[in-house]
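Novice: Here it is: the structure, laid out below.
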């Protein structure tokens with residue numbers, strides 16, 4: 001996610017060598033400004049950090065789950081972000097002039113809106129296409145409700161982030177709309193690439209030596225990975241408990 005606040009500070013300050021008037025530029029990954037005393041602006045400022053939270057979630061899932069689809073999904077967000085950077089440097093449209101600071105990056109299209117709409121679009125297609133035929137008859141209704149709840153959360157977050165970029169004057173309406181459109185198109189294209197081209201190769205990829213080294217796995221055919229891992233862990237724990245009891249009784 002591109003940082004919205006790579007800005008210049010023009011107040012005279014002391015540099016590391018003690019020189020007065022040196023221009024300082026902070027690396028501000030999470031700093032988002034909002035009007036002081038504006039509770040709505042403060043809330044939207046926090047919500048605008050959603051892409052960072054999603055990125056951290058991807059890293060955690062990859063480290064602890066090692067699922068190929070999750071890895072490819074994460075790579076898609078990186079490709080989407082790189083494409084956003086190329087578009088910004090090609091279009092070169094400045095951000096709204098609403099602050100005293102001078103922005104060091106362009107604003108068209110909005111990287112936040114592009115990221116969130118990419119993510120929400122991919123999740124939408126994943127649920128309605130990839131998981132459509134994987135319903136367990138015993139809990140189909142509950143699973144559908146959970147999936148609809150996930151979709152509602154994703155698209156609500158996407159809307160609030162997009163609205164917040166306009167409300168906080170980081171982007172114009174056109175910059176946000178174009179970013180959202182590009183993100184949705186990228187989400188569709190990346191899902192099609194993953195679902196139609198890459199997924200059929202996952203069973204082969206997990207047999208590679210390097211995949212075994214990094215414990216990579218393919219859970220494509222498992223409809224409910226959480227329930228599968230729960231039952232597998234419970235079964236293994238019971239089997240080990242029985243084995244331990246039998247060893248103690250000897």
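Glycine is no exception: its Cβ is also placed from the backbone N, Cα and C atoms.
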Novice: Under TrEMBL, which of the candidate ranges 71-91, 218-238 is annotated transmembrane segment?
Specialist: 71-91
Novice: Between the transmembrane segment (145-170) and the transmembrane segment (71-91), are there three or more CB pairs that fall under 8 A, provided the residues in each pair are separated by 6 or more in sequence?
Specialist: no
Novice: What does the DSSP secondary structure composition of the domain 'Phosphatidic acid phosphatase type 2/haloperoxidase' (70-191) look like, as residue counts for helix, strand and coil?
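Specialist: Final tally across the stretch: 89 helix, 1 strand, 32 coil.
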Novice: Who are the long-range neighbours of the transmembrane segment (176-202) in its own chain, taking Cβ under 8 Å and residues 6 or more past its ends?
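Specialist: Result: 68-69, 72-73, 76, 79-80, 83-84, 87, 108-122, 125-126, 129-130, 158, 162, 165-166, 218, 220.
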Novice: Six or more residues beyond either end and a Cβ under 8 Å away: which residues meet both conditions relative to the transmembrane segment (111-133)?
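Specialist: Distal contacts: 1-2, 4, 48, 50-51, 54, 73, 76-77, 80-81, 84-85, 88, 147, 150-151, 154-155, 157-158, 161-162, 165, 170-171, 175-177, 179-184, 186-188, 190-191, 195, 223.
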